[in-house]
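Trainee: Got a structure for you, written out below as structure tokens; questions coming shortly.
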Amino acid sequence: MLENPIVVALDFDNKFKALQLVDKLDPCLCRLKIGKEMFTLFGPDLVKELQNRGFDVFLDLKFHDIPNTVAKAVTAAAELGVWMVNVHASGGLAMMEAARKALLPYGENAPLLIAVTVLTSMSSEELQLVGVHASAAEQVTRLAQLSFDAGLNGVVCSAQEAHTLKHRFGEDFKLVTPGIRPQGSDVGDQKRIMTPKSALDAGADYLVIGRPITQAAEPLAALEAIYQSIR
Ligand SMILES: O=C(O)c1cc(=O)[nH]c(=O)n1[C@@H]1O[C@H](COP(=O)(O)O)[C@@H](O)[C@H]1O
């Protein structure tokens, strides 16, 4: 298991509440993920505030645009000093290659560049509706192969696909898995879910966990319980 595999998804519309929660968490036990909602509301200042508190930040903006635009966007993320940044693999090979090349000047300080395959909220039926006539698992493998060929550091996928992808692409290709639900917690809008322990056993490297921690009555206790369950 990698050091510090838990990434807490901060999905809040209120900065004060988010920082109140963050101040209850421990950077030795987790990293933090900022997504579209918080970045749109609070911008790079929030990223800095989290970094100043000692947390690694995953900037989850899922870039999907023409190659030049995405290359510039990941450069801006690298300038912010984030630990991880992501793009949509469905943006294509040229887009992902442009993003990877844009990070070369940052060397060892470059953020990990990860591609989203098929969102964990998508079922195979929903994929059909957007014109993908393959199962979710097949589409994930196809997009992961494209991300691997583009030289990315790994993919976001559901833990249910982790075993196949780890076997196919090897240890160095990192698997970031949302849709993680500790036993007994609310599934919410997620479709392809797994418990933290089973996800790691299946080959996941990083577990993205939001509501089971952020909406818990005792967030640090929830984080610690998950941490204990995977030791
Ligand atoms: O890229 C992501 O982080 C992501 C990809 C995906 O396929 N599914 C997914 O749920 N996510 C994110 O992971 C987090 C999951 O949060 P919870 O469902 O509250 O644990 C949210 O911030 C989502 O935006």
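Quick reminder: no glycine exception, Cβ is built from N, Cα and C everywhere.
From TrEMBL, for reference:
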DOMAIN    5-226  domain 'Orotidine 5'-phosphate decarboxylase'
BINDING   Asp11, Lys33, 60-69, Thr120, Arg181, Gln190, 210-211  substrate binding site
ACT_SITE  Asp60  active site, for OMPdecase activity
ACT_SITE  Lys62  active site, for OMPdecase activity
ACT_SITE  Lys62  active site, proton donor
ACT_SITE  Asp65  active site, for OMPdecase activity
Trainee: Of Leu61, Asp65, Pro67, Gly210, listed as recorded positions, which ones have a Cβ less than 6 Å away from ligand 1?
Mentor: Gly210
Trainee: Do you know the mean pLDDT across the domain 'Orotidine 5'-phosphate decarboxylase' (5-226)?
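Mentor: Across the domain 'Orotidine 5'-phosphate decarboxylase' (5-226), the average pLDDT comes out at 95.
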Trainee: Rank the active-site residues Asp60, Asp65 by how many other Cβ atoms lie within 10 Å of each Cβ and give me the one with the fewest.
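Mentor: Each of the active-site residues Asp60, Asp65 was scored; lowest Cβ tally within 10 Å is Asp65.
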Trainee: DSSP three-state call for Asp60 (active site, for OMPdecase activity): helix, strand or coil?
Mentor: strand
Trainee: Report the same-chain neighbours of Lys62 (active site, for OMPdecase activity): residues 6+ apart in sequence with Cβ closer than 8 Å to its Cβ, ordered by sequence.
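Mentor: Residues satisfying the criterion: Lys36, Asn86, Val87, His88, Val116.
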Trainee: Would you mind listing, in sequence order, the residues at least six apart from Pro67 (substrate binding site) in the same chain with a Cβ closer than 8 Å to its Cβ?
Mentor: Ala94, Met95, Glu97, Ala98, Ala99
Trainee: Distance between Asp11 (substrate binding site) and Asp65 (active site, for OMPdecase activity) at the Cα atoms, whole Å?
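Mentor: Rounded to a whole number, the Cα-Cα distance is 23 Å.
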Trainee: Which is it, of His64, Thr120: the one of these binding-site residues whose Cβ has the most other Cβ atoms within 10 Å?
Mentor: Thr120
